[in-house]
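Have a look at the structure below, then the notes.
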Amino acid sequence: MELVLAIAIGVLTASGVYLILRPRTFQVIIGLSLISYAVNLFIFSMGRLRIDAAPVITHGNTDPSAYTDPVPQALVLTAIVIGFAMTALFLVVMLAARGFTGTDHVDGRD
Amino acid sequence: MTGISDHLVILPILLPLATAILVTLIDDRYRMLRIGISLGATALLVGVALLLVVPTIQVGPSDTELIKSYPLGNWPMPFGIVLVADRLSALMVLVTSILGMATLTFSLSRWYTAGAHFPAIFQLLLMGLNGAFLTGDLFNLFVFFEVMLAASYGLLLHGSGTARVKAALHYIAVNLVASFLFLISAALIYGVTGTLNMADLVVRIPQIAAADRPLLDAGLGLLGLTFLIKAGMWPISFWLPGAYSVAAAPVAAMFAIMTKVGVYALLRLSYLLFAAEAEGVLGFNHTVLFIGGIVTLAFGAIGVLSSQTSMRLASYLVLVSSGTLLATIGYGGVNVLSGALFYLVISTFAIAALFLLIEIIERSRIVGADVLAVTMEAYGEGDEDENEPEHEEAGLVIPASTAFLGISFGICCLLLAGLPPLSGFLAKFAILSSVLEGSVEPGASAWWLMGTLIVSGLAVLIAMARSGINIFWATLEPGAVTARLSEVAPIVVLLVLCIAIGILPAPILAYMEGAATLVNVPGLYVLEVMGPEAAATLARETAQ
């Protein structure tokens, strides 16, 4: 499971970095989105991978070994919200730039 | 936790947030009400910041009264988020609020009306800045960075136009990538140490198993890289001049403190996290900071000399300021640091005043003067003013504006080039004299720092003198200068503050020295935030 997750994060990051370095704004925003997925998975994995373990205490069972670390899940939630908002904002700026310059090149000219 | 004074630490965050919400709810038809609320809240913020600073002035450097921690929700310490106000944070909050007051006043005559949500976004920027200066938690620092950045995107776009949208596209992309690096580093640090509380990190880092150390170093290195991007270290400062030089004047003036957030975070974390060890990792490594700072300084100086427009010149001055600060932080030592903090305050105010001045100057110049003066037409940047608002009556038109502009420009020049008799000279002198006093036989790094500081000062002087001649003697239309009282007042206040600091430098330098001493003693920080037990653990580890 660790290997699969590590490969997934690696592939997402690599594709994201490649796309960010491309000259079209659409490629850049997709690249940023892919990197944000990779980062979110990475934060999640930093709480160690556990199967069948909830992050919140249930049924009065207070044994900490029965639960997974809740902090990274809280962090990832915050990161998702912020990343999503920023991507939306970037999308608007991207469209404005397309309208102003008439091209989708990141420098505003081909 | 009873009196209002106990809750003072969180007010610089709550006040702008409440104001932002309030002014968003009020319709723009009641413009005077919105202006009144914004101005009143920002003035109140200056007062709160003063209340944070004043109690820390008179006490000795080892007194724990100097550091105030404020656990949010009163959670027991490693678990909750904590706000910490010491001399350094209080000073930064005060600088932010004064700058905020000045730029907000300046924006009233013109830029305020260019977009509906300017007052709210401006308050959110203040909130993000203050939060970043006050927080004692790594992830909370990320959140406040994002609040600040989101507000800065909005402000950079304020006034719209092709140039701004193009610059914002680059600025947002770079900062989004930096934010992802921040997240990765925070996750790595949490994964290894199990905590995000800065004071708790100080205690836990020496206990990390040797096998986990590379992972932690990678995390800390990425964290340093994030702050260096914000602070504008060469070569990752390529985004800065482009973004700053097209921003609306009050926004650019406010951005003068945004690079200082990166500098602040580097200063705070490098001394906090690596106190027990001689060398940190990349970014926090003081050699890297020193060399990076020197190169940034040189790059900024060359940029200043090669600038063709005044806004670009001022943007490169931001880099010069960042480079000086990074190099001095890298050089280290309490006296050098106190000089650096002195320089930080002066350069921030002077650069902000310069951005505001340029705005008044540029709109009074003969149209196309720059094009005649230098070969700018090849770059096709003539269309940036298309969506700017019309002048609006606000306050009196002051007489003798040209003389005022000339004198103010001269003062900015003296402050930024670091020439006597003004405080810019004192700041550089404080840095250089402590560099020389620190060692009997000054090493190569001391000479490098002295050399680049002095030569960059010369470069700034040449560039600003050239620009001043070009503006005031060649291309300023006689009698065409119009400036409102609300535009002149903030510039005067900022410059008078700088000059006043130069007239009475002793108490201010003593305060900076206290702040620098406090930064150098992480034990006190841990003692205040985590309690005596953690401080004892730290002391045991350091002794080993």
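Including glycine, each Cβ sits where the backbone N, Cα and C put it.
TrEMBL labels come from automatic prediction, so no person has curated them.
Quantities reported herein were computed from a predicted structural model and do not represent experimental measurements.
Per TrEMBL, domain 'NADH:quinone oxidoreductase/Mrp antiporter transmembrane' is recorded for B:136-440.
If you look up TrEMBL, you'll see B:6-25 (among others) marked as transmembrane segment. Non-local neighbours of the transmembrane segment (B:6-25) in the same chain are 34, 37-38, 41-42, 44-45, 48-49, 51-52, 68-70, 72, 83-85, 93, 97, 117, 119-121, 123-124, 126-127, 130-131, 134; each lies 6+ residues outside the stretch with a CB under 8 Å from one of its CB atoms.
For the transmembrane segment (B:37-57), same-chain residues at least 6 beyond its ends with a Cβ under 8 Å from one of its own Cβ atoms are 5, 8-9, 11-12, 15-16, 18-19, 22-23, 26, 65-66, 68, 85-87, 89-91, 93-94, 96-98, 100-101, 104-105, 119, 122-123, 126, 130, 507, 511, 514. Positions annotated as transmembrane segment by TrEMBL: B:37-57 (among others).
Per TrEMBL, the feature transmembrane segment maps to B:111-132 (among others).
The transmembrane segment annotation in TrEMBL covers B:138-156 (among others).
Annotation comment: TrEMBL describes B:168-192 (among others) as transmembrane segment.
Annotation comment: TrEMBL describes B:220-240 (among others) as transmembrane segment.
Annotation source TrEMBL lists transmembrane segment at B:247-267 (among others).
Annotation comment: TrEMBL describes B:313-334 (among others) as transmembrane segment.
Taken from TrEMBL, the feature transmembrane segment covers B:340-358 (among others). A Cβ distance under 8 Å defines the sequence-distant neighbours of the transmembrane segment (B:340-358), meaning residues of its chain 6+ beyond its ends; these are 88, 91, 95, 98-99, 102-103, 106, 249-250, 252-254, 256-257, 260, 263, 310-311, 314, 317-318, 321, 324-325, 328-329, 405, 408-409, 412, 415-416, 423-424, 426-428, 430-431, 487, 490-491, 494-495, 497-498, 501, 505, 508-509, 512, 515-516.
As annotated by TrEMBL, transmembrane segment applies to B:403-427 (among others). A Cβ distance under 8 Å defines the sequence-distant neighbours of the transmembrane segment (B:403-427), meaning residues of its chain 6+ beyond its ends; these are 317, 320, 339, 342-343, 346-347, 350-351, 353-354, 357, 360-361, 453, 457-458, 460-461, 464-465, 468, 471-472, 481, 483, 488, 491-492, 495, 498-499, 501-502, 505.
Residues annotated as transmembrane segment in TrEMBL: B:447-476 (among others).
Taken from TrEMBL, the feature transmembrane segment applies to B:488-512 (among others). Beyond the ends of the transmembrane segment (B:488-512), by six or more residues, the same chain brings 56-57, 87, 91, 98-99, 101-103, 105-106, 337-339, 341-342, 345-346, 349-350, 352-353, 356-357, 398, 401, 404, 408, 411-412, 415, 421-426, 430 to within a C-beta distance below 8 angstroms of the stretch.
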Within the same chain, where does the transmembrane segment (B:447-476) have neighbours whose Cβ lies under 8 angstroms from its own Cβ atoms, ignoring anything closer than 6 residues to its ends? I mean 6 or more beyond.
290, 294, 297-298, 300-302, 304-305, 307, 310, 313, 317, 320, 323-324, 327-328, 331, 361, 364-366, 369-370, 372-373, 402, 405-406, 409-410, 412-413, 416-419, 428, 431-432, 435-436
Long-range neighbours of the transmembrane segment (B:168-192), counting only residues six or more past its ends (CB under 8 A)
138-139, 142, 145-146, 149, 152-153, 156-157, 201, 208, 212, 215-216, 218-223, 225-226, 229-230, 239, 242-243
For the transmembrane segment (B:313-334), could you work out the same-chain residues 6 or more beyond its ends whose Cβ comes under 8 Å from its Cβ atoms?
228, 231-234, 237, 240-241, 244-245, 252, 255-256, 259-260, 262-263, 266-267, 270, 286-301, 303-304, 307, 340, 343-344, 347-348, 351, 354-355, 358, 416, 431, 434-435, 438, 445-446, 449, 452-453, 456, 460, 463-464, 467, 513, 516-517, 520
What residues elsewhere in the chain lie close to the transmembrane segment (B:247-267), defined as a C-beta under 8 angstroms and at least 6 residues from its ends?
88, 92, 95-96, 99-100, 102-104, 106-107, 111, 114, 122, 125, 129, 132-133, 141, 145, 148, 152, 155-156, 158-159, 164, 167, 224, 227-232, 240, 283-284, 289, 311, 314-315, 318, 321-322, 325-326, 329, 337, 344, 348, 351-353, 355-356, 358-359, 519
